[in-house]
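Notes follow once the structure below has been shown.
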Amino acid sequence: MSSEMLPAFIETSNVDKKQGINEDQEESQKPRLGEGCEPISKRQMKKLIKQKQWEEQRELRKQKRKEKRKRKKLERQCQMESNSDGNDRKRVRRDVVHSTLRLIIDCSFDHLMVLKDIKKLHKQIQRCYAENRRALHPVQFYLTSHGGQLKKNMDENDKGWVNWKDIHIKPEHYSELIKKEDLIYLTSDSPNILKELDESKAYVIGGLVDHNHHKGLTYKQASDYGINHAQLPLGNFVKMNSRKVLAVNHVFEIILEYLETRDWQEAFFTILPQRKGAVPTDKACESASHDNQSVRMEEGASDSDSSEEEYSRNELDSPHEEKQDKENHTESTVNSLPH
């Protein structure tokens, strides 16, 4: 072999070697198939490669999570140091004044709900518990008739409920725990409007998510048990697009807000969701009055037109001078035509 051909031969052999190495690497990445196994598809091969990469990056992800936790901890420390005005959570909790008012969620409607609605009720109870824990005037919170599907769902999806604090979770019915004369059932079907909250009383909220399938049920139960009942003064302060029936947690939170502000309107508009389309009744009245006034103005305009018509007709019949009658004849005739 001549010296001129030697570099070309070496370069060709190097390329062949590289190709051979690449093929070996691809073969090594492919899983070895046993006898009788079908060849793996490209999609399966990609999945296996991704899985391998995921496992290789596990330590990296773990390290990133650790760094994130450290960063959040540092941010919290900086925030606590910057709150020199005493507004951090620990100091706020010292100002809490516990209310003597008892607020009960009656869970005796378990058999009337499907599992989907039981799960909704569970979430609403969780919300009530969380709001009561951070309220400035927390109530004496009771969960009565606790059992059935609700308890099973809580056991499966929220095992920490057994460690909840500042709450009385009882399997008994509320009528077995509290004197009848102290009970007031909150139901939108009651004819009685609640004006003030009596903190010596126990207010009952029906733990029922029924999508309006059981109208008047809580009112009937209150009447059957012979206990007092009332509805929140919603209609006195709020005009809503939707029905007046509120979710369990909304009623609970409105009462907590009222205990803090002693203002029903503020409590309603702080808690009610925007989808309810709530507006103050005075504004709703102003709007309605404005609409009525507009209608009256339009009617007045029509009446005015009619009176002008009538006046024109009367003018034609009145004993005026013939010259004036002739001059106004055309105009009067036009005005006297029906519009």
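Glycine is no exception: its Cβ is also placed from the backbone N, Cα and C atoms.
Taken from TrEMBL, the feature region 'Disordered' covers 1-90 (among others).
Feature annotation from TrEMBL assigns compositional bias 'Basic and acidic residues' to 14-35 (among others).
Remote same-chain residues near the compositional bias 'Basic residues' (61-74) are listed as none (criterion: CB distance under 8 Å, separation of at least six residues from the stretch ends). Positions annotated as compositional bias 'Basic residues' by TrEMBL: 61-74.
Look at TrEMBL and you will find 89-279 tagged as domain 'SAM-dependent MTase TRM10-type'.
Summarising the annotation, TrEMBL assigns active site, proton acceptor to Asp210.
For 282-339 (among others), the entry in TrEMBL reads region 'Disordered'.
Residues or ranges marked as compositional bias 'Acidic residues' by TrEMBL: 300-309.
If you look up TrEMBL, you'll see 310-330 (among others) marked as compositional bias 'Basic and acidic residues'.
Neighbours of Asp210 (active site, proton acceptor), defined as other CB atoms within 10 A of its CB across all chains, total 16. Per-class residue totals from DSSP over the compositional bias 'Basic residues' (61-74), listed helix then strand then coil: 14 helix, 0 strand, 0 coil.
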